[in-house]
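Report on the structure given below.
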């Protein structure tokens, strides 16, 4: 840290009084510089808003706009499907990114006859808006503009294992009504812990009749496929202008320029890739990514996003089944020239690149994909099955659940098990969703390892009911990232850092209680490194306690040596490990918490301790929270209602933080 530059006070450094002419000139020059700076910030640094969505709707004769607040692409996908369906129901729709539009224009929607705004709102983290919906959320909170006669509907995307289930969908629906908006159909609430696709299909099956009734329009009954993009074969191909896996700027992996983010990831070299366990049937791995020279900064508790590649064998097999030359250079161009989204993925590119870098070919296809593909099945029975699975009928839902979801059939498995299905590869590429970045809690401290980001993960691989091997895209790709290849090249990973609210307390003297399960140990490795660094700086560091849960001591006790060393040198005050399957009766972290109930209550109630939970949201996080309710009741003498309120207050104050996943 650089020392502050201090100018001594006193007569020796008294300023010389300037003549008015120079003073005025200084003011003029200062004003000129400030004016130029403001211009530069607003026109160069700050991304420009797109043209008014109201004006765009008027220009293109649209009367329905579907906005999305999306973190992983699902809400954006649902939004596109609604906009595309609109013309089947007497409407003309367009999809729009909340971040790229001035939402203060929403009251002007009444200028368009029979207009409707639909919002597909995902909830991120602990009830927060997605990154692209933050400005809209702030506007909703602050505005006093009236939305009289603005018609709206909301579909929320959430997960019931999280405490604030569908918080953004609920808030948007409630707030738009408070501002005077007119709800034309009930709030839809998708649950990703159940079947999000089924929830969405069921909601829109009722939503569209409500639209028709409200606006007095009729469904066309036309179920033919509507292409959104047209296939173009570029002429005079210059391979230097063909995308080869970049997320945004062409050749961005060859000429890296900060700042690095979702559209401009940094190509980090893999410095370490080691297996953390020596026994058991699972592969636990620790990777270190070198970020030297990237200007990327991170804090303990942040997330690293990596862009994986699909399995080459799956890509090749799809090309083989569809009789396609995967190295053909193509471009898919939006038929709607006014759309902000010119292509479904970076174009021009090859089918091989699209299927390898840009498209999700591993997860089970959604129902809209099956519906659109049905037209390519030459066997009428296959056509019927595909269309039935895409319907909202109980029989169709059950068939989709069993044949697609339960059996974990990806698009390749669908093609293999329906030999009569032979879609055009360009249409398939249009329909498949984008391959998304994978997020991992960083397992290191930026203060200790400023040039390195650590990841720990479990390789996902299992047999499906059809006898196929299902392999997690990112974990298997990372597993195979050898530090130096046979030809001497260093393995690389496209990545960027996403900030988190999962933070150590500002005061190092505050006690810290960390509770993690499996790879939930990751952020706590960063916390421990940082607390150790603080001790070395001579700071007063409070108690640092870890509760860690895994199955077996000799199979998945991740970072055992490091943790025992932290305990030995006093950085880790207390190490409590629950090996759930090493004895007849299962032992979990919540059991260990209750054993230490009096000490924990003192830390929380008297010593201002901060509690951190990382891992499984469905069971562990809920069970741990219940354990803290019990501790507050048994030791603190609170009623159950008071205990719930007490823990909620800790959450509000930032003293009970969760980094969990379903």
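Just so you know, glycine gets a Cβ as well, placed from its N, Cα and C.
Here is what TrEMBL records for this protein:
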type    : residues                                                   : note
BINDING : 70-75, 122-125, 157-166, 192                               : FMN binding site
BINDING : 282, 519, 580, 581, 586, 587, 588, 589, 590, 623           : NADP(+) binding site
BINDING : 438, 439, 440, 441, 456, 457, 458, 472, 473, 474, 475, 661 : FAD binding site
DOMAIN  : 64-208                                                     : domain 'Flavodoxin-like'
DOMAIN  : 263-505                                                    : domain 'FAD-binding FR-type'
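Distribution of TrEMBL features across the structure.
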| residue | record | Cβ contacts under 8 Å, 6 or more apart |
| --- | --- | --- |
| 125 | FMN binding site | 501 |
| 159 | FMN binding site | 123, 165, 191, 192, 193, 617, 662 |
| 162 | FMN binding site | 123, 126, 127, 617, 660, 662 |
| 456 | FAD binding site | 276, 284, 285, 286, 287, 440, 443, 519, 521, 522, 525, 558, 559 |
| 458 | FAD binding site | 282, 283, 284, 285, 475, 518, 519 |
| 473 | FAD binding site | 308, 309, 310, 311, 362, 435, 438 |
| 580 | NADP(+) binding site | 549, 550, 551, 586, 587, 588 |
| 590 | NADP(+) binding site | 620, 623, 624, 626, 627 |
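Shown in sequence order, 68, 69, 70, 71, 72, 74, 75, 130, 133, 156, 157, 158, 168 are the residues of the chain, 6+ apart in sequence, with a C-beta less than 8 angstroms from the C-beta of residue 122 (FMN binding site). Annotation for residue 73 (FMN binding site): spatial neighbours 433, 434, 436, criterion Cβ-Cβ under 8 Å with sequence separation of six or more. Secondary structure of the domain 'Flavodoxin-like' (64-208) per DSSP, as helix, strand and coil residue counts: 65 helix, 36 strand, 44 coil. Its own atom aside, the Cβ of residue 586 (NADP(+) binding site) has 12 Cβ atoms within 10 angstroms in the protein chains shown. In this view, the densest Cβ surroundings among the binding-site residues 282, 438 belong to 438, judged by other Cβ atoms lying within 10 Å. Between the farthest pair of Cα atoms in the FAD binding residues (438, 439, 440, 441, 456, 457, 458, 472, 473, 474, 475, 661), the distance is 18 Å. Counting other Cβ atoms within 10 Å of each Cβ, the binding-site residues 70, 475 show the lowest value at 475. Note on residue 440 (FAD binding site): other Cβ atoms within 10 Å of its Cβ, all shown chains, come to 22. Site extent for NADP(+): among the recorded binding residues 282, 519, 580, 581, 586, 587, 588, 589, 590, 623, the largest C-alpha separation is 25 Å.
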